[in-house]
Amino acid sequence: MSAPRTLYDKIWDDHLVDEQADGTCLLYIDRHLVHEVTSPQAFEGLRMSGRKVRAPEKTLAVVDHNVPTSPDRHLGIKNEESRIQVEQLAKNAAEFNVEYYSENDKRQGIVHIIGPEQGFTLPGMTIVCGDSHTSTHGAFGSLAHGIGTSEVEHVLATQTLIQKKAKNMLVQVDGQLPAGVTAKDIVLAIIGEIGTAGGTGYVIEYAGEAIRSLSMEGRMTICNMSIEGGARAGLIAPDEITFEYIKGKPRAPKGEALEQAIAYWKTLKSDEGAHFDRIVKLNAAELPPIVSWGSSPEDVVSVQGIVPNPDEIQDETKRASKWRALDYMGLKPGTKMTDIAVDRVFIGSCTNGRIEDLRAAAKVVEGKTVASTVNAMIVPGSGLVKEQAEAEGLDKIFKAAGFDWREPGCSMCLAMNDDRLKPGERCASTSNRNFEGRQGFKGRTHLVSPTMAAAAAIAGHFVDIREWN
C-alpha cells in the first residue's frame, strides 16, 4: 500500500516526466496563460530558433497590465511603450496560432480572472503564467504558479517546465467567519501570522471549515495572495462548490466527459495521515477586518488596532525596516487605524475584481455618497464581470455614489498604465501588494477587503465595517 499523499504530491506525481538524481524534475504543463508584459522576449526566442508553440490549444493570451481602463480606450493606447507591448502580443498570438483576447473583446480581463471564467482552469492541472499571482488558479485544486520569461519560452516550446519539488505546508482555518470578515481578511491574517517569508520553499494547502465555506471567488482571493506569504503556490481541494462553478463554462467538459472529470476531481484531496512539513492553524471566529499599515503585506493590524511601534521589535534589521515603512507611509506609532484618512479608493485587481466583490461593495455604498475628499474607482476584473455587474445594475449604484466605473484591466494594482497614485496620495486598495511605489511613485497603499474599501470611500477614512450603518 502506498504512503498517504498530499494534494500537492498527487498533482506533482501525475505530471512528473523525469527526475534527476539531484531532485531536478521535468513537469508536464496542462495550461499556459500569457500576457503582454512577460511574453515578448519568449515569442522572439521561438522566432529566432525557428520553433513553434507546441500546444496552442493549451495556451491562452490576453492583454491586462498595460491597457487603459478609461471609457475611451477603444480610441487606442496613448502611452507608446504600453501600446507597443499590446500590439506585439496581438502579432505574436496571430503568428503562433494562440487564442488571444484583445482589449476590445468582452472576454478580455485580468489573466487570473479570465482563466477560471472560461473554464480554461480546471482541477488537477498544472498551470503557469509569467505572473506571480498565477497561484490564484490553485483555488480549483490545481498546481499553479508564476514563471520567468525564459521559462515562458520553454513552456511555449516544450509544454514542460524544469522544477524542484517544494515542501508541503497546511494552513488550517477552522471556525465560522464573523459578519463583516471576508476571504481577504483571512489571507491578510495568514500573511500577518507567517510573514512574507513564512511560505518560502513551500506549497500551501488551505483547509478547514472557514475555507470550505467560501465561494470560488473567496477561494481565489485566498490562493491569489499565497505568493505574498512567500509560497510557491497555494491550493484548495475541489468540492461541490468547485464543480458547480465549472459547469457550463465555455471550455469546461460537458455531459459524460464532465461526469468522468468530476469522478477524477473527487480524488484530488490530501489523504488521511499525509505528511505536512509545517502546519499553521487559525480560528476564523476570532478574525477582525484587517488593514495593512506599512509597505509589506505582513504589516497588518485589526481595523480597531493602532499603528505599531517598531521600537518593540528586537531584531535590529527588521526594526529599521519597519521604521522606514512608517516614514514612507507618513504614519506615527499609536495612530488609530480608523483615524487614517484616504485620498483614493481602488476596488478591483486579480485579488478582488470579481462579481462577488463588486456586489459586496455595492451593498455598502448604495444610497450613499463618496466623501468629497476621496477619488474612488471600480475596475471590473473582466469584460464578463463588467457585463454581469451592469445587468444587475451595480454600475448605476456606484456611479450614483460618485465612483468612477471603468473598463477591465489590472489598473491601479500596479503603476504600469494610466491609473496610478500621485506622490503622497493614500489609497485604500483591494489589490495584493503595498510595496513602495507599487501603485505609483511615492504612493501609499493600504490593503483591505472590498467592503472595507467601499466604506472608506464613503467615510473618507478607515471604518470598522462591522459597525457600518
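Each residue, glycine too, has its Cβ placed from N, Cα and C.
Swiss-Prot annotations:
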- C350, C410, C413: [4Fe-4S] cluster binding site (BINDING)
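Of all Cβ atoms in the shown protein chains, 30 besides its own fall within 10 Å of the Cβ of C410 ([4Fe-4S] cluster binding site). For C350 ([4Fe-4S] cluster binding site), the Cβ neighbour count at a 10 Å cut-off comes to 28, with all displayed protein chains included. Around the Cβ of C413 ([4Fe-4S] cluster binding site), a 10 Å sphere holds 29 further Cβ atoms from the protein chains shown.
Close to the recorded [4Fe-4S] cluster site, the chain also has D64, H65, I110, H133, G348, S349, T351, G353, G381, G409, S411, L414, S431, N432: residues not among C350, C410, C413 whose Cβ is within 8 Å of the site's Cβ mean position. Taken residue by residue with DSSP, C413 ([4Fe-4S] cluster binding site) is part of a helix. Secondary structure from DSSP puts C350 ([4Fe-4S] cluster binding site) in a helix.
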